[in-house]
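Asker: I have a structure I would like to understand better, so I am pasting it below and will then ask my questions one at a time.
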């Protein structure tokens, strides 16, 4: 067959498209993936028929599906569909714009060649689904003034050339094409007063008046035609005008030009509606964004942009030499990478800013650009000739997620993790051994070495926990010195009070965290006996609700203990009407139980309680459970840590209403929930000085999202300042966007880049032992620290300490006397709209 890679990828696209056709044929409304796959696949087939042109196929593609054939969210998710195929005259790009213009599509065309039955249009009826608009922006009504309080002038400009001339917003106007004739003296130190990145076009022979404003910042002109190089002052103005005359640049004096200050004189003032501003640069202060297809709205609390001086990359845009990009700054004085105009959602706030990256670290969040011509540029956020740009307009940025409950059962889970937005994995294991399938322990020093070596080139941060189950502390030292950054106590190894005390004693000695899965059997005692064994020492309790394991039925009480850092795992996030039914078989497999042994079945059933799972929802919403993690392949889904966190937040908003009285946004709830998978697991595990938030000095582990896909599918994952994974189309295509668009590894994930931009977390003892050199690790190796004196009060926005009781017979949970109960959700967001299976 001699199939090329692009042909193999198109076969995957065809499989998805044919699956979509089968679903359409049985009367199902298609989701985002199905819709794109079907349209792209049919275009490929029509091209193969050889009878249609590109233009004809662009029209046909719009006819295939109507609004009734797709889920209500789909028209807001699919902007266009692009695919490249082999026509009679070679490979060509087909782009389908303006989809879903009609109520119904041409289903005969949509199913042409599939030999599937064409369903009646009567099957596609409207129902009472929630018609949320994914990623919608709600703007305030007032307009914004661009370039406010600046000197401005109106000048008459004539194009005396025979070709059109287009001038960008930040081009120094005195430097423009010599065939534009105007008063260049009055234009000295000025630029167009238009939206950043826009341009004004002068057709041949055209005369028009333009408004110019003074440049900002240090007022230094660089670049262009080198007419007026240097600071704006009288001496340089005279030299510039001499060059204008000498070099034959068009110049005519305009004596009565109108001058004034923007914002004071309406004729000199440029305004823009908030809707148009949001379309160009993303929402600004006071505007709101819907997160995915949830009912959560994030309101921008602060925007660092200077209206009119936004940094925008592209042809004729702002970030060009002497304009948004400074001239003459050496590499050490400028950013390596800037993410422009991004909405940042972090526990610290919801802001709009540029993000500066240098040497793999976040340098700052604020205003980036060229301080020679722009106001309020941060001194450490200069864009220079050595700066790469990632356009963040219209995107949301979060810190890379931290999953601190990972069973390392197979290496493939790493790729599901990173493509979902996780950049740090903490847990234990050795592969699909039965011990790892049940517990997050890497027991032997040689196995610790194996895990650190095997993950060395993977583009994530890793930390591995040793087995902590030993009543005699002498056995625990070696695994810590071998590289364990924490210890795990698990009931499958015997989490007795003696083992707990021994493990915590050793952890105190080495300043490492202890993660505990308590005794479901109540074999050595009840939950109060385990709490007593803690002796007030810091401990991180895994799946604190209990379905994942722990004292039955009341392990959830630990969420009210000051020395306990509670987390829960995602299979019970949130409580839905199918949650209970899936859990029994899940548990039997994970913990090596036998369905033919009654005691094994009783053990499993004792852990699955609707009442405590429902209470878990509410305790998360109250901030009493501080962390959400996966429990990967051991009763949890590593690729759904983020989505299930936001599903829980959405469910709680719908059932409990606003968290703060009178709020007209969901900012507090959003910050509380994002903290559960970013900063709080970082703090709990001693990593927060390196990762866990979008703050200066931390590793640039960042996740970029389209608002409409927030929480479901990231657009890009940046690891240590470099793009590690991103949505990327056909690698052979003329542009990067034709189907199949897949979350693919990028250069930041290959070769030595995967290790050079990531960290292996170990104990200080292991670092001092020299494990980096002795194991031959390429990754940066850092020691965890500052975990032994942590309390619940250190958990950001999730530090509530309720008094919790659980009725041992009815399993009713109360917190400070309030019965915690909620109904199971029948539907959740971030699900059917986005995923093929």
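Glycine is treated like the rest: Cβ placed from N, Cα and C.
Pasting the relevant annotations from Swiss-Prot:
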type     : residues           : note
DOMAIN   : 400-837            : domain 'Urease'
BINDING  : 405, 407, 488, 631 : Ni(2+) 1 binding site
BINDING  : 488, 517, 543      : Ni(2+) 2 binding site
MOD_RES  : 488                : N6-carboxylysine
BINDING  : 490                : substrate binding site
ACT_SITE : 591                : active site, proton donor
Asker: Which ones are near residue 517 (Ni(2+) 2 binding site): of the binding-site residues 405, 407, 488, 490, 631, which have a Cα within 10 Å?
Answerer: 488, 490
Asker: I'm trying to understand the geometry here, so how far is the Cα atom of residue 488 (Ni(2+) 1 binding site) from the Cα atom of residue 543 (Ni(2+) 2 binding site), in Å to the nearest whole number?
Answerer: 13
Asker: What kind of secondary structure is the residue listed as 'substrate binding site' part of, going by DSSP in three states?
Answerer: strand
Asker: Please report how many Å separate the Cα atom of residue 407 (Ni(2+) 1 binding site) from that of residue 543 (Ni(2+) 2 binding site), as a whole number.
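Answerer: Rounded to the nearest whole number, the Cα-Cα distance is 14 Å.
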Asker: Near the Ni(2+) 2 site, what residues other than 488, 517, 543 in the same chain have a C-beta no further than 8 Å from the centroid of the listed C-beta atoms?
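Answerer: These residues sit around the Ni(2+) 2 site: 405, 439, 440, 489, 490, 491, 515, 516, 518, 541, 542, 548, 549, 550.
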Asker: Cα distance, residue 543 (Ni(2+) 2 binding site) to residue 631 (Ni(2+) 1 binding site), nearest Å?
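Answerer: Here the two Cα atoms lie 9 Å apart.
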Asker: Whole-number answer please: how many Å between the C-alpha atoms of the residue listed as 'substrate binding site' and residue 405 (Ni(2+) 1 binding site)?
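Answerer: Cα to Cα, the residue listed as 'substrate binding site' and residue 405 (Ni(2+) 1 binding site) are separated by 12 Å.
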Asker: Given a 10 Å Cβ-Cβ cut-off, pick out the one of the binding-site residues 405, 488, 490, 517, 543 that has the most other Cβ atoms nearby.
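Answerer: Most Cβ neighbours within 10 Å: 405.
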Asker: If the Ni(2+) 1 site is taken as the center of the Cβ atoms of 405, 407, 488, 631, which further residues of that chain fall within 8 Å of it by their Cβ?
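Answerer: The surrounding set, listed in chain order, is 406, 427, 428, 439, 440, 515, 517, 542, 569, 629, 630, 632, 634, 636.
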Asker: Under DSSP, is residue 543 (Ni(2+) 2 binding site) helix, strand or coil?
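Answerer: Residue 543 (Ni(2+) 2 binding site) sits in coil per DSSP, no helix or strand.
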Asker: Quick one: pull the CA-CA distance for residue 543 (Ni(2+) 2 binding site) versus residue 405 (Ni(2+) 1 binding site), whole Å only.
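Answerer: Their Cα atoms are separated by 9 Å.
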Asker: Limited to the domain 'Urease' (400-837), I'd like the whole-number average of pLDDT.
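Answerer: Per the prediction, mean pLDDT sits at 96 for the domain 'Urease' (400-837).
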Asker: With every protein chain in view, what's the tally of Cβ atoms within 10 Å of the Cβ of residue 631 (Ni(2+) 1 binding site), excluding that atom itself?
Answerer: 30
Asker: Going by DSSP, give the three-state secondary structure for residue 407 (Ni(2+) 1 binding site).
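Answerer: The three-state answer is strand.
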